[in-house]
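*Asks:* Please see the structure below; I have some questions.
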Amino acid sequence: MPVDDCWLYFPASRGRTFVQTVWVAPTCPNCCWFPGFLPPVPRPPHVPRVLLRGPRGAVLPASRPSKTLPSSSQTPCPTDPCICPPPSTPDSRQEKNTQSELPNKKGQLQKLPTMNGSKDPPGSYDFDLIIIGGGSGGLAAAKEAAKFDKKVLVLDFVTPTPLGTRWGLGGTCVNVGCIPKKLMHQAALLGQALKDSRNYGWKVEDTVKHDWEKMTESVQSHIGSLNWGYRVALREKKVVYENAYGRFIGPHRIVATNNKGKEKIYSAERFLIATGERPRYLGIPGDKEYCISSDDLFSLPYCPGKTLVVGASYVALECAGFLAGIGLDVTVMVRSILLRGFDQDMANKIGEHMEEHGIKFIRQFVPTKIEQIEAGTPGRLRVTAQSTNSEETIEGEFNTVLLAVGRDSCTRTIGLETVGVKINEKTGKIPVTDEEQTNVPYIYAIGDILEGKLELTPVAIQAGRLLAQRLYGGSNVKCDYDNVPTTVFTPLEYGCCGLSEEKAVEKFGEENIEVYHSFFWPLEWTVPSRDNNKCYAKIICNLKDDERVVGFHVLGPNAGEVTQGFAAALKCGLTKQQLDSTIGIHPVCAEIFTTLSVTKRSGGDILQSGCUG
């Protein structure tokens with residue numbers, strides 16, 4: 001009689017072979033040889049020689065054997081003498097791996113271990129793939145896996161913020177990240193454009209008011225359409241979606257709990273963790289009671305008024321930028337440096353530009369207490385803060401306090417310890433291989449929760465798609481985490497790709513890099529006569545490698561649009577000579593990169609007198 005379906009590994013096959021039915025053939029007591037299929041393979045202790053029947057009844061390698069194999073049909077081992085080691089005796093087996101260590105009795109079926117220690121054969125799972133997290137990466141992986149006719153389940157559940165904010169399918173980027181942030185950044189740019197328009201002949205009233213409620217209504221309407229579109233796309237691709245919280249309860253098993261507390265248990269051959277991150281709180285009196293995070297800001301039903309932004313991350317500076325851009329009084333409280341992890345030359349220029357445009361900075365202070373002075377929408381709050389390098393304390397009153405001090409991975413409450421997935425105990429990040437595989441072979445992870453990887457939506461999408469193609473499409477293409485472009489949507493946008501100046505010095509040595517740089521003045525800004533010599537371009541070249549460009553940085557309008565094309569060039573090995581030989585498009589901001597000639601080392605003048613230098 002056949003045993004359960006399982007996976008069996010044969011070293012000589014350079015891969016894995018699916019065993020749908022296993023038949024005992026006790027001819028050679030020492031090896032797993034069967035005619036015409038593989039060379040002799042040493043047999044693990046107490047695992048009998050087998051003949052295999054593949055999927056849909058296909059016999060490996062010849063015709064399907066009968067359930068009782070007569071001795072005349074048994075083929076002796078082709079090696080003479082047999083090269084396989086004798087099996088261990090029952091007394092020598094150890095306590096662990098009990099599924100594979102039953103006594104070997106000739107002519108009797110033995111229980112073989114299935115992949116990853118599960119008692120379930122792959123064919124008996126509810127799904128081929130269960131994805132925990134319905135963000136950009138998880139959805140990309142789900143839709144890609146469905147192309148290969150795999151049965152996929154997506155579990156997505158939003159734990160409400162302390163203020164009760166929640167949202168629909170799509171994850172951080174769509175609901176409380178990239179999409180609403182960029183739209184509100186656009187609202188601020190339009191405010192500046194209205195001011196500039198007077199110099200272009202438009203008659204605009206001196207007082208132009210911004211309507212917060214109208215903006216959030218429009219933004220949330222667009223987000224709602226995206227949420228619906230994702231659900232429709234999953235349904236069309238026959239991906240099962242449940243609004244439920246997923247938690248591992250054992251190997252290949254998960255419990256899904258919906259918002260009413262109803263639980264369902266599902267099993268899958270593989271799992272993908274794509275749970276993302278949530279904003280971090282300070283752990284001080286009043287932070288969760290009275291403060292908001294970026295998870296709350298984009299759907300806030302009232303104008304936040306005078307706002308204190310706590311933090312120096314890109315989230316903090318982007319939010320401070322568009323809030324100031326729509327006319328609000330904004331202060332940023334910074335513990336140490338701006339934009340940690342980014343090029344500090346560029347970060348400081350961003351800070352200077354924001355200060356010149358009315359955003360106040362309180363540096364080297366951290367909040368210690370938040371108190372409510374007056375309830376309301378927005379109400380009034382008192383903030384007490386402590387200096388990071390002295391005993392000085394300060395107080396200030398604000399209508400809204402926005403916390404943007406970092407984000408924590410959503411990995412600590414999904415039962416990873418139950419199945420043995422290792423995480424960084426300090427950060428909650430998950431270490432993975434270059435194929436996004438955790439230390440548990442059937443569990444994978446992508447996105448912001450990965451240790452040492454970029455926390456960017458396009459990275460998660462790319463990793464999710466490529467993972468599904470490798471698992472189900474026979475691909476061997478891996479996600480390339482090098483030279484990934486990104487943009488910080490501050491009032492003066494910052495686009496970059498490759499190494500920061502600090503990282504380049506660390507990697508190659510200061511004497512082995514050359515930095516070419518220049519200020520520039522967008523033509524559109526010359527007529528309203530604003531922000532001359534504030535936009536800035538910089539490339540970092542490796543002198544030991546034909547001046548190959550290893551870092552690209554730009555401050556200016558539409559920085560993301562400028563950076564995207566250069567990112568492709570960097571991946572192709574762009575050199576300074578190739579940039580110099582490229583004819584620029586005139587008059588646009590990006591052409592500055594075709595004319596860079598002054599190096600930082602030289603100390604030459606980089607100020608520009610007009611759009612054409």
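The backbone N, Cα and C atoms fix where each Cβ goes, and this holds for glycine too.
For reference, Swiss-Prot lists these features for the protein:
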REGION    58-121  region 'Disordered'
COMPBIAS  65-74  compositional bias 'Polar residues'
BINDING   136-137, 156-157, 172-173, 177-181, 245-246, Thr275, Tyr314, Asp448, 455-457, His586  FAD binding site
DISULFID  Cys173-Cys178  disulfide bond
MOD_RES   Lys182  N6-succinyllysine
MOD_RES   Tyr245  phosphotyrosine
ACT_SITE  His586  active site, proton acceptor
*Asks:* Per DSSP, to which secondary structure element type does Ser136 (FAD binding site) belong, with helix, strand and coil as the options?
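*Replies:* It is helical.
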*Asks:* Specify the nearest of the recorded positions Cys173, Cys178, Lys182, Tyr245, His586 to Asp448 (FAD binding site), where nearness means the distance between Cα atoms.
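*Replies:* Of all the candidates listed, Cys173 is nearest in space.
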*Asks:* Which chain-mates of Gly246 (FAD binding site) that are at least 6 residues away have a CB under 8 A from its CB, listed by sequence?
*Replies:* Ile130, Ile132, Leu155, Phe157, Ile254, Val255, Ala256, Ile414
*Asks:* What Cα-Cα separation, expressed in whole Å, is found between Pro180 (FAD binding site) and the residue listed as 'active site, proton acceptor'?
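*Replies:* About 32 Å separate the Cα atoms of these two residues.
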*Asks:* Can you tell me which of the recorded positions Cys173, Cys178, Tyr245 is spatially closest to Ser136 (FAD binding site)? Compare CA atoms only.
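*Replies:* Nearest listed residue in space: Cys173.
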*Asks:* Of the recorded positions Lys182, Tyr245, Thr457, His586, which sits closest to Cys173 (disulfide bond) by Cα distance?
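*Replies:* Nearest by Cα distance to Cys173 (disulfide bond): Thr457.
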*Asks:* Can you tell me which recorded positions out of Cys178, Lys182, Tyr245 are within 10 A of Thr457 (FAD binding site) by Cα, answering none if there aren't any?
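*Replies:* So the list is Cys178.
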*Asks:* If you count other C-beta atoms within 10 angstroms, which of the binding-site residues Gly177, Pro180 is the most crowded?
*Replies:* Pro180
*Asks:* Measuring Cα to Cα, how many Å separate Cys178 (disulfide bond) from the residue listed as 'phosphotyrosine'?
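*Replies:* Between the Cα atoms of Cys178 (disulfide bond) and the residue listed as 'phosphotyrosine', the distance comes to 24 Å.
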*Asks:* As a test of the contact definition, list every same-chain residue at least 6 positions from Lys182 (N6-succinyllysine) whose Cβ is closer than 8 Å to its Cβ.
*Replies:* Phe489
*Asks:* Based on DSSP, name the secondary structure state of the residue listed as 'N6-succinyllysine': helix, strand or coil.
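*Replies:* Going by the DSSP assignment, the residue listed as 'N6-succinyllysine' falls within a helical segment, counted as helix.
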*Asks:* Which of the listed binding-site residues (Ser136, Thr457) has the least company, meaning the fewest other Cβ atoms within 10 Å of its Cβ?
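*Replies:* Counting other Cβ atoms within 10 Å of each of the binding-site residues Ser136, Thr457 gives the minimum at Thr457.
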*Asks:* Around Tyr245 (phosphotyrosine), how many other C-beta atoms are within 10 angstroms of its C-beta?
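*Replies:* Taking every protein chain into account, the count is 20.
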